[in-house]
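Engineer: Sequence annotations record features per position, and here TrEMBL assigns active site, schiff-base intermediate with substrate to K197, K249. Marked as 5-aminolevulinate 1 binding site by TrEMBL: R207, R218. Annotation comment: TrEMBL describes E234 as Mg(2+) binding site. Under the heading 5-aminolevulinate 2 binding site, TrEMBL lists S275, Y314.
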Amino acid sequence: MSFPEHRPRRLRRTPAVRRLARETHLVPSQLVLPMFVREGITEPSPIGSMPGIVQHSLDSLRRAAAEAAEERIGGVMLFGVPETRDAVGSGADDPNGILNRATEAVVAEVGDALVVQTDLCLDEFTDHGHCGVLRADGSVDNDATLERYTAMGLAQARAGSAMLGLSGMMDGQVGAVREALDAEGFTDTLILAYSAKYAGAFYGPFREAVDSQLKGDRRSYQLDPGNGREGVREALLDVEEGADVVMVKPALPYLDVLADVRASVDVPVWAYQVSGEYAMVEAAAAHGWIDRRGAILESLLGIRRAGADAILTYWAVEAARWLRAEL
Ligand code: PBG
């Protein structure tokens with residue numbers, strides 16, 4: 001009696017066989033921690049919609065970065081929350097702006113133990129909250145914004161950022177920033193292109209985290225959630241313009257795009273598990289409706305399986321501890 005002929009369950013019978021048969025692995029070096037630093041505060045300030053996450057003071061940021069380095073995660077991505085804002089986001093390329101000062105402080109603290117990365121976008125620094133500068137009619141001016149991005153990129157490189165995270169979704173932003181960096185001798189500064197960044201509801205808690213001034217939406221520059229091919233096209237263009245790494249964002253609702261981008265480019269592909277994804281799991285777990293640790297690790301593994309080489313996640317340090325304990 002040879003029925004059933006195929007018995008795939010053999011590979012699932014014991015923990016040892018399952019461990020050996022597992023296709024996808026998650027390790028701390030594949031995790032990047034996004035961090036917020038707020039100008040003018042001396043104590044960390046909690047973010048209501050992101051329980052467990054804070055806006056850091058310069059001091060607490062430095063300490064938290066050192067802790068992240070001890071867990072040997074892959075890197076940190078810094079976001080600045082300035083005290084004052086204006087129409088062109090002057091704080092973004094001011095060497096004394098909060099993000100640039102924070103970058104210097106973190107690099108001084110952790111050196112090369114982490115890849116110190118910075119968000120390159122104007123939205124935290126503009127009084128209207130858009131990712132670029134506006135024309136008189138209120139629309140976002142792509143090419144004028146590129147000039148602001150090159151200035152911001154140079155300021156971040158001078159502050160010691162190892163990798164610039166271009167998250168503004170302007171056309172030509174990767175090429176413009178790459179050219180400016182190279183012209184000033186920053187040929188080693190990496191560019192992470194947020195290539196397929198979708199407009200939608202999952203950035204809600206982040207807007208609280210950076211005290212966003214945005215009134216409307218970003219649908220004239222971020223991608224339409226219905227468009228997968230367009231995400232691949234954006235990634236291909238960014239590689240052509242010199243991106244070292246391309247990214248898909250958010251992660252879980254866009255795993256198909258992630259897999260397609262992975263199959264289409266030969267540079268590393270990362271994913272950003274965004275604030276709304278974080279908040280959903282934290283809220284359900286707080287109600288006792290979901291196994292928090294299980295849901296976090298399963299979502300990270302799923303994002304890896306779909307094609308992400310690394311993941312930006314607010315759980316980076318905690319997940320790294322769990323992963324190490326499992327070894
Ligand atoms: C833009 C930027 C945003 C996020 C990262 N970079 C906000 C936006 O596009 O509205 C969102 C990250 C998150 O939701 O966790 N500077």
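Including glycine, each Cβ sits where the backbone N, Cα and C put it.
Whatever TrEMBL says is automated annotation, not expert-curated.
What you see is a predicted model, and the numbers here were worked out from it, not measured in a lab.
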Engineer: Please check each of the recorded positions K249, S275, Y314 and report the ones with a CB atom less than 6 Å from an atom of ligand 1, ordered along the sequence.
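Structural biologist: S275, in sequence order.
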Engineer: Of K197, E234, K249, S275, Y314, which is closest to R218 (5-aminolevulinate 1 binding site) if I measure between C-alpha atoms? They're all recorded positions.
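Structural biologist: For R218 (5-aminolevulinate 1 binding site), the spatially nearest of the recorded positions is K197.
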Engineer: Nearest by CA distance to E234 (Mg(2+) binding site): which of the recorded positions is it, out of K197, K249, Y314?
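Structural biologist: That would be K197, the closest of K197, K249, Y314 to E234 (Mg(2+) binding site).
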Engineer: 10 Å Cβ neighbour count around K197 (active site, schiff-base intermediate with substrate)?
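Structural biologist: K197 (active site, schiff-base intermediate with substrate): 26 neighbouring Cβ atoms within 10 Å.
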Engineer: In whole Å, how far is S275 (5-aminolevulinate 2 binding site) from R207 (5-aminolevulinate 1 binding site) when you measure between their Cα atoms?
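Structural biologist: Taking the Cα atoms only, R207 (5-aminolevulinate 1 binding site) lies 9 Å from S275 (5-aminolevulinate 2 binding site).
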Engineer: Measure from the CA atom of K197 (active site, schiff-base intermediate with substrate) to the CA atom of K249 (active site, schiff-base intermediate with substrate) and give the result in Å, rounded to a whole number.
Structural biologist: 5
Engineer: What is the separation, in Å, between the Cα atoms of Y314 (5-aminolevulinate 2 binding site) and K197 (active site, schiff-base intermediate with substrate)?
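Structural biologist: Counting only the Cα atoms, the answer is 18 Å.
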Engineer: Let me make sure I understand the structure: which of the recorded positions listed (R207, R218, K249) has the fewest other Cβ atoms within 10 A of its Cβ?
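Structural biologist: Comparing Cβ neighbours within 10 Å for the recorded positions R207, R218, K249, R207 has the fewest.
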